[in-house]
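Heads up, the thing below is written out as structure tokens.
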Amino acid sequence: MTYIRKGTPVFRKITFAFFAAGFNTFAILYCVQPLMEEFTREFHVTPTAASLSLSVTTMLLAVSMLVFGSLSEVWGRKPIMGISMLAASVLCLASAFSPSFHTLLVLRTIQGVALAGLPSIAMAYLGEEIEPGSLGSAMGLYISGNAIGAVFGRIVSGLLSEYLNWHMAMGTIGVISLIASVIFFINLPPSRHFTPRKLKLGKLGMSLIGHLRDRKLFSLFLIGFLLLGSNVALFNYIVYVLLGPPYSLNKAFSSWIFIVMIVGIFSSSFIGRMVDRYGYPKILVMNIFIVIAGALFTINNMLAVKILGIALFTFGFFGGHSVASSWVGRRALHNKAQASSLYLFFYYAGSSVFGTIGGLFWSGFHWLGVVGMITFMLLVALWLSGYLARSVKMPDKRNEKGLN
């Protein structure tokens, strides 16, 4: 059967649809990040407790993706993704009317379940429909949508909460996400290479175990766990740094700091093309080095250097995620949706775990403690990427370009 090639009209429709989907997912997910300081003040909770407004969502997102990834092998890709996006948008609107922090946490928890239907399947859809030589570019554009959504959600919610309130901020994100959901459903064509299977829990369980026993796949899962964990820890607590002395920025100005995440748009697309040309291993190692350098730059007290560090960190993060996620789609020969779901389970579990643990380092050691935790995590990720790079040089019947 014919796979979709870069430059064709259907390739452009698919990448536009997934760009909108990535935008939607990350705008909803991260719109609470600049609001955490306001949650701390309005609901009288600690910064660690306020971080749960993101952590509970990502944890349920991680767990639910294992279910949706398996169900999509039976029910198909597009229907689950479309329903998921619509439900998440409605729940975002409902969250805007939360009368208490507990209500907000309950709605954000349910939202995590709803959001899971898209990212758990997106990589499998792209891996099935896009030709291998164009997959890196397609995945890069999808993750570019993630970057824009993350920037948009953070900046818009921060600005609106400064001049109006956080209820209006989340309500606005909910309305915009509904529009993005419609764009996605209209533009995405049905799967052409998907073959439905009967739901056999025993076989699904064995397939999950098989993916986990694959050392190279498991290394990629752990890299995703560490990458997003470090990213969320940095952005959860950098807000407290910027709002406090010696900077004492107002919330509106500090929200604009998130504009540096726009480099993720260029990084994921650019790195996707680099992968198509040079293979996965070298590009993954390069990106993790960039993330480490960016984290260390944020220790400097000069605001300009700190912002440069955030920009470098973001460039490397989105590039590294683009490489690791598309590598999983190439490495898994069977049950690709399950493999993608496992990667994203670890990815978002890292967000939940380290997004909250970072609060303990913040409380005990302030920003230097948070950066120390992040640096240690990234050194482990670098070691894992080095293992993957070395494994490519060994004979491997699955080896194509880099590591299949």
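Keep in mind that glycine also has a Cβ here, set from the backbone N, Cα and C atoms.
The feature transmembrane segment is assigned by Swiss-Prot to 16-36 (among others).
Using a Cβ-Cβ cut-off under 8 Å and counting only residues 6 or more beyond its ends in the same chain, the transmembrane segment (49-69) has close neighbours at 29-30, 32-33, 35-37, 39-40, 43, 80, 84, 101, 104-105, 108-113, 115-117, 119-121, 124, 208, 232, 236, 337-338, 340-342, 344-349, 351-352, 355-356, 358-359. Positions annotated as transmembrane segment by Swiss-Prot, on the basis of sequence analysis: 49-69 (among others).
If you look up Swiss-Prot, you'll see 79-99 (among others) marked as transmembrane segment. Within its own chain, the transmembrane segment (79-99) has Cβ neighbours under 8 Å at 21, 24-25, 28, 31, 68, 71-72, 107-108, 110-111, 114-118, 121-122, 125, 167-171, 173-175, 177-178, 180-181, 184-185, 188, counting only residues six or more beyond its boundaries.
Marked as transmembrane segment by Swiss-Prot: 110-130 (among others).
Look at Swiss-Prot and you will find 133-153 (among others) tagged as transmembrane segment.
Residues or ranges marked as transmembrane segment by Swiss-Prot: 166-186 (among others). Residues 16-18, 20-21, 23-24, 27-28, 31-32, 35, 38-39, 42, 78, 81-82, 85-86, 88-90, 92-98, 152-153, 156-160 of the same chain sit 6 or more residues outside the transmembrane segment (166-186) yet have a Cβ under 8 Å from a Cβ within it.
Residues or ranges marked as transmembrane segment in Swiss-Prot: 221-241 (among others). Sequence-distant contacts of the transmembrane segment (221-241), counting only residues of its own chain at least 6 positions beyond either end whose CB sits under 8 Å from a CB of the stretch, comprise 30, 33-34, 36-37, 47, 51, 54, 58, 154, 212, 247, 254, 257-258, 284, 288, 291, 295, 298, 306, 310, 313-314, 317, 320-321, 324-325, 328, 342-351, 353-355, 357-359, 361-362, 367, 370, 373-374, 377-378, 380-381, 384-385.
Taken from Swiss-Prot, the feature transmembrane segment applies to 252-272 (among others).
What Swiss-Prot lists as transmembrane segment is 283-303 (among others).
The transmembrane segment annotation in Swiss-Prot covers 307-327 (among others) and is backed by sequence analysis.
The transmembrane segment annotation in Swiss-Prot covers 342-362 (among others).
The transmembrane segment feature in Swiss-Prot is assigned to 364-384 (among others).
Listed stretches 16-36, 110-130, 133-153, 283-303 were compared with the transmembrane segment (342-362); the greatest number of C-beta pairs under 8 angstroms is found for 110-130. Tertiary proximity for the transmembrane segment (283-303) is limited to same-chain residues at least six positions away from its ends with a CB under 8 Å from its CB atoms, namely 223, 227, 230, 234, 238, 246-247, 271, 274-275, 309-317, 319-320, 323-324, 327, 367-368, 371, 374-375, 378-379, 381-382, 385-386, 388-389.
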